[in-house]
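Engineer: Sharing the feature lines straight out of TrEMBL:
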- GLU91: active site, proton acceptor (ACT_SITE)
- CYS335: active site, S-methylcysteine intermediate (ACT_SITE)
- CYS111, CYS115, CYS118: [4Fe-4S] cluster binding site (BINDING)
- GLY161, GLU162, SER193, SER216, LEU217, HIS218, ASN292: S-adenosyl-L-methionine binding site (BINDING)
- 97-330: domain 'Radical SAM core' (DOMAIN)
Amino acid sequence: MESILDLNKEQLITYLQSIRQPAYRWKQIWHGLYVEMYDSWLQFTNLPLELRGYLQEHFTISNLSLADHIHSSDGSTEKVLFSLPDGNPIETVLMEYEERISICVSSQSGCSIGCKFCATGKLGLLHNISCGEMLAQVLHFARASNQEKHPITNIVIMGMGEPLLNYAEVKKAIEILNDHDGLNIGSRHITLSTIGIPEQILQFAYDFPQLNLAVSLHAANDQQRDKLIPINKKYNIAMLLEAVKQYIALTNRRVTFEYVLIADQNDAVSDALQLGSILHGLLCHVNLIPLNPTAHFNGNPPPLERIEKFQQVLNDHHIPATIRFSKGTQIQAGCGQLAGKSH
Ligand code: SF4
């Protein structure tokens with residue numbers, strides 16, 4: 001059955017017109033879904049009983065089934081495994097920081113990109129997630145957070161999948177997340193993370209000039225990046241950086257580059273020097289992420305002093321760089337660890 005969350009505002013209005021409902025009806029439903037965050041048609045007591053029954057026969061609210069969930073021992077991270085209607089898995093992670101609460105949303109079940117260090121990539125692409133399935137991930141956590149009076153502040157589209165390869169649905173979901181009559185998550189609080197699909201980066205710039213863009217670079221030259229990220233053979237670093245330059249010119253927004261540091265593979269001072277050189281002059285920030293271990297990749301994070309040296313070289317090149325230890329690595333919820341499995 002179709003999820004009501006798959007309808008954007010215009011589609012909902014059109015649908016309600018088609019079943020001869022008054023013009024104000026969409027507002028009641030929209031408010032119930034995204035402000036009250038009802039998860040059952042029975043809660044829509046503001047609707048006539050007959051309409052409630054009709055909607056219940058034609059739409060579910062969420063199409064996701066909760067399959068498993070796990071908390072980190074410090075309670076700051078929760079990972080949820082959902083099952084899609086076709087049985088494929090997706091994972092969503094809630095991360096609590098002192099000043100914000102972020103949800104890391106999946107945009108695909110599995111992923112076709114196949115980055116060597118990533119557990120999701122090992123699955124291949126299983127399913128493109130619909131707009132409603134992305135919103136259902138957010139609402140699952142937002143309901144609990146609102147009850148505890150700690151509303152969700154940030155969304156990062158950084159979970160399973162490559163969002164720019166499912167862009168139409170991702171775009172629709174972002175528009176609903178951002179909607180002032182609903183969840184009202186501010187543009188500056190939404191980040192899309194991509195491995196780098198040049199033409200889609202430009203489309204994203206046109207569609208969402210106020211959102212944050214993170215680009216997973218992970219290497220400073222094509223020889224290394226080809227080995228880690230197979231799609232680099234199609235879209236090499238020069239093509240990617242050209243798209244990023246155009247993105248910055250269009251939006252005047254700072255881009256974040258993600259760089260997973262892998263001992264003896266991309267963590268040498270010479271790599272940092274090369275990275276400093278290719279990023280020179282770009283309005284950017286680099287997040288240095290020590291590799292999170294996964295079962296299928298033979299690699300280790302570098303020792304801390306080597307990571308700090310790498311950071312120092314970038315800073316010497318006037319490239320701001322931050323060392324980021326992923327939250328939730330202990331529960332396999334860190335970057336590259338989402339494998340769609342129960343615990
Ligand atoms: S790192 Fe991202 S793009 Fe690469 S395989 Fe994993 S989910 Fe896909």
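Residue numbers in this text run from 1 along the chain shown.
A Cβ is built for glycine as well, from the same backbone N, Cα and C atoms used for every other residue.
Whatever TrEMBL says is automated annotation, not expert-curated.
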Engineer: When you average the Cβ positions of CYS111, CYS115, CYS118 for the [4Fe-4S] cluster site, which other residues in that chain have a Cβ within 8 Å of that mean position?
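Structural biologist: Not counting the recorded site residues, we get ILE113, GLY114, PHE117, ALA119, THR120, GLY121, LYS122, GLU162, ILE195, GLY336.
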Engineer: Give me the count of other Cβ atoms within 10 A of the Cβ belonging to GLU91 (active site, proton acceptor).
Structural biologist: 27
Engineer: Where GLU162 (S-adenosyl-L-methionine binding site) and CYS111 ([4Fe-4S] cluster binding site) are concerned, what is their Cα separation in Å, rounded?
Structural biologist: 6
Engineer: Distance check, please: Cα of ASN292 (S-adenosyl-L-methionine binding site) against Cα of CYS335 (active site, S-methylcysteine intermediate), rounded to an integer number of angstrom.
Structural biologist: 7
Engineer: Do me a favour and check the Cα-Cα span between CYS118 ([4Fe-4S] cluster binding site) and GLU91 (active site, proton acceptor); whole Å is fine.
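Structural biologist: Between the Cα atoms of CYS118 ([4Fe-4S] cluster binding site) and GLU91 (active site, proton acceptor), the distance comes to 14 Å.
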Engineer: List the Cα distance (Å, whole number) between CYS115 ([4Fe-4S] cluster binding site) and HIS218 (S-adenosyl-L-methionine binding site).
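Structural biologist: Cα of CYS115 ([4Fe-4S] cluster binding site) to Cα of HIS218 (S-adenosyl-L-methionine binding site) measures 10 Å after rounding.
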Engineer: Using a Cβ cut-off under 8 Å and a sequence separation of 6 or more, which residues in the same chain sit near CYS111 ([4Fe-4S] cluster binding site)?
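Structural biologist: Listed in sequence order, they are CYS118, THR120, GLY121, LEU123, GLY124, LEU125, MET160, GLY161, GLU162.
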Engineer: Measuring Cα to Cα, how far is LEU217 (S-adenosyl-L-methionine binding site) from GLU91 (active site, proton acceptor) in Å?
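Structural biologist: Counting only the Cα atoms, the answer is 23 Å.
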